[in-house]
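Feature annotations, courtesy of TrEMBL:
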COMPBIAS  224-243  compositional bias 'Acidic residues'
DOMAIN    1-62  domain 'RING-CH-type'
REGION    215-243  region 'Disordered'
TRANSMEM  101-127  transmembrane segment
TRANSMEM  291-313  transmembrane segment
TRANSMEM  333-357  transmembrane segment
TRANSMEM  369-395  transmembrane segment
TRANSMEM  423-443  transmembrane segment
TRANSMEM  481-503  transmembrane segment
TRANSMEM  633-655  transmembrane segment
TRANSMEM  675-699  transmembrane segment
TRANSMEM  720-743  transmembrane segment
TRANSMEM  763-785  transmembrane segment
TRANSMEM  805-828  transmembrane segment
TRANSMEM  848-867  transmembrane segment
Amino acid sequence: METAEEDICRVCRSEGTPEKPLYHPCVCTGSIKFIHQECLVQWLKHSRKEYCELCKHRFAFTPIYSPDMPSRLPIQDIFAGLVTSIGTAIRYWFHYTLVAFAWLGVVPLTACRIYKCLFTGSVSSLLTLPLDILSTENLLADCLQGCFVVTCTLCAFISLVWLREQIVHGGAPQWLEQNQQQPLNGVGQQNEAQAVVNGGVENAVLDQPANPAAENAVVGENPEIQEEQVDEEEEDNEDEEDAVVEDAADANNGAQDDMNWNALEWDRAAEELTWERMLGLDGSLVFLEHVFWVVSLNTLFILVFAFCPYHIGHFSIVGLGFEEYVQASHFEGLITTIVGYVLLAVTLIVCHGLAALVKFQRSRRLLGVCYIVVKVSLLVVVEIGVFPLICGWWLDICSLEMFDATLKDRELSFQSAPGTTMFLHWLVGMVYVFYFASFILLLREVLRPGVLWFLRNLNDPDFNPVQEMIHLPIYRHLRRFILSVIVFGSIVLLMLWLPIRIIKYLLPNFLPYNVMLYSDAPVSELSLELLLLQVVLPALLEQGHTRQWLKGLVRAWTVTAGYLLDLHSYLLGDQEENENNANQQPNNQHARNNNAIPVVGEGLHAAHQAILQQGGPVGFQPYRRPLKFPLRIFLLIVFMCITLLIASLICLTLPVFAGRWLMSFWTGTAKIHELYTAACGLYVCWLTIRAVTVLVAWMPQGRRVIFQKVKEWSLMIMKTLIVAILLAGVVPLLLGLLFELVIVAPLRVPLDQTPLFYPWQDWALGVLHAKIIAAITLMGPQWWLKTVIEQVYANGIRNIDLHFIIRKLAAPVISVLLLSLCVPYIIASGVVPLLGVTAEMQNLVQRRIYPFLLMVVVLMGILSFQVRQFKRLYEHIKNDKYLVGQRLVNYERKSGKQGTSTTPPQSSQE
């Protein structure tokens, strides 16, 4: 290669020499065109990439083999390489088998056997524990149960670490941190600290007039809140008056111990301990130590967090004589453990008080932290477990008449399957709580900031429920829980029980809803369920229009209620006042806040924030308070209740009525599950509202534009229907029928019986299979089907390309499915009878040809894969024995292909 003076390496900035020539391996030009092979190899090792980061062209290397390499490898070389590869594979197989046996066998089995041993309650079980661990009885069941135990212990460990981080970074409660005083190293430092405290108090007093509205509102508008806050502060201050001097040295030593760690050593440990090394996937045996520590951690957590609370609760329940009631609940273990945790929390707080009384500061802090852990755990159980369960049962009780059920039916279902019943009610309650919270978030987007001051803002970045669990006293959580139960229960009464009573009075024949499955229905229940889950619900839930419509309705209702009750400023705020507030000078801030009307308006939210967040109002907007404000708020609540009642009546009747009417054309007089009628009616209502909103949006644009829009949408709907018939009709039907012939019929129907095919059910199963195949295709490597599906998704419905979909997607897929269905049938029904075989053999061939051809295709795929693997092994053996280096390949622009350099380079990549 002839290098000019200006041709230099892009990395080392030096010219090319006969020993180190320059190459141009990618599309880049100019000063970064050339590079030395050694520089490129070094950079590729550093960047861990195989292509140019600028032009994205992949670098190519030509292998350089030894001159004495034969044209074909000898048999002994291939055999030696094959034996070496088999030995390496066997070694890795043994190692990974040991890893799987340790993590999937030893760890869960040990955890399960230790768990059973501890809860057996006999000394003999402890003596026979080693033999029980080595026992081969119920291995699979014990391993599965052990996996659950290990998962619980790991979650408990992670929760403890996370809770510790919350306490460290978010701060512990004030009653726990009262022993953290400044060290008494001298009179001067003590006086300086006292001056700092006094200065902080003075600054607080000086800053007080900046927000007098909150203070005035606390005193004048809601004195109970202030009294409650003062009482809490007095109780805390009484606890804080003890142990100031005695604890100073301990606090200083504790702080010093926290500082005695080396960050670099922790970073090195984090870099060395990877998932592969920890699990043993790197080939080392260090993971055996980790297995031992995991088993020890499981045993410790089972002993501390399960064994001790359970037996504390068990002894307490037996001592109080409540054992029969607990056993009748079908959840004896769970209730006993919760009772044990409650008693443990009470014991910890009593011991904490005794430790504070006798000035044992270290013990006091340890007991306080343990109490916080137990307190947060119980509150999490109440918030996530008990509260949704109460909501689910209350929803079920209030809707009994809607399904023509009684409490006796629910009691029988609970007696027959208590776990399933409780889980279903908990799940319903969780869904109810979730949608209620979502509706509150939507209300916050519409209403004035500060209207919903009594509800926690989940979108607030400063909102941390765990910090509230740590800092707020237990009676505050209990009061909040009772209020939440009252509010959620009242809403269920208003929007479910009362509308059902009204519907039964006005429309006696409308209820109850049919929720029984009938075998004589003309359509399959499984088909309807899959149709509902795969077609209707995704179409309803994946649309953002529903939320916008609901938000518009809420805004319209708010505007109407605001003008009817003169609460527009309270509900939505005053835009003019906001603009004036933004333009006012800071000097007028004090005078404006002293105005009587804004003071009262700001006070409610300000007092609430002062109590819960220990600060001023956050995200608050002032409002104008009209005359007779409490009466107007009462009328607003009544108007809201009436609106919710009417909305609930419409939602319970209109979709079901429309769905029943539409399904009657399909199923006739046969009864069908109301889930399908409600979904069908809801979907029709959604389409109707969508069409009306589109027409309303087109109205101001004129008749010509409307006709043009209708024409465009009609064409788009026609294209969408054609695509839907092909991709959602024909393809799932063929796919379901193929699955029926290949898998279901050979497994379920004997040879002496004739299989029956249900096209509707096959289509429904085909929809499910098609969605699974599409999802796997999109997650897999890049090939033509994935490229086409991604292109169809990217175009969307508005830019649908009918020609592209038919030519690139529908036609190839339908052709493959038709060939898979027709070729075996032609062979079995047309070719085999010509061979003169018996009728039994013809029947056998017809029934088994589809799975046989599937096995042939799978076998051919396996053979093809093995051939490719053998070629790779052949190249690997040849490279190990005869490869001496690699030569970089230049990028040739004129030919569009890559060719080697004209001057043979001397350097090579070893």
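Note that Cβ sites are derived from N, Cα and C of the backbone, with glycine treated the same way.
If you take every residue in the domain 'RING-CH-type' (1-62) and average the pLDDT, you get 81. Mapped onto DSSP classes, the domain 'RING-CH-type' (1-62) shows 14 helix, 10 strand, 38 coil. The transmembrane segment (369-395) makes no contact with the transmembrane segment (720-743), as judged by fewer than three Cβ pairs under 8 Å among residues 6 or more apart in sequence. By number of Cβ pairs under 8 Å, the transmembrane segment (720-743) is matched best by 848-867 from the list 423-443, 633-655, 848-867. Tertiary proximity for the transmembrane segment (633-655) is limited to same-chain residues at least six positions away from its ends with a CB under 8 Å from its CB atoms, namely 402, 491, 494-496, 498-500, 502-503, 507, 510, 557, 561, 564-565, 567, 677-678, 681-682, 685. Nonlocal intrachain contacts for the transmembrane segment (423-443), taken as residues 6+ away from its ends with a CB within less than 8 angstroms of a stretch CB, comprise 385, 387-393, 395-396, 452, 455, 458-459, 488, 491-492, 547, 550-551, 554.
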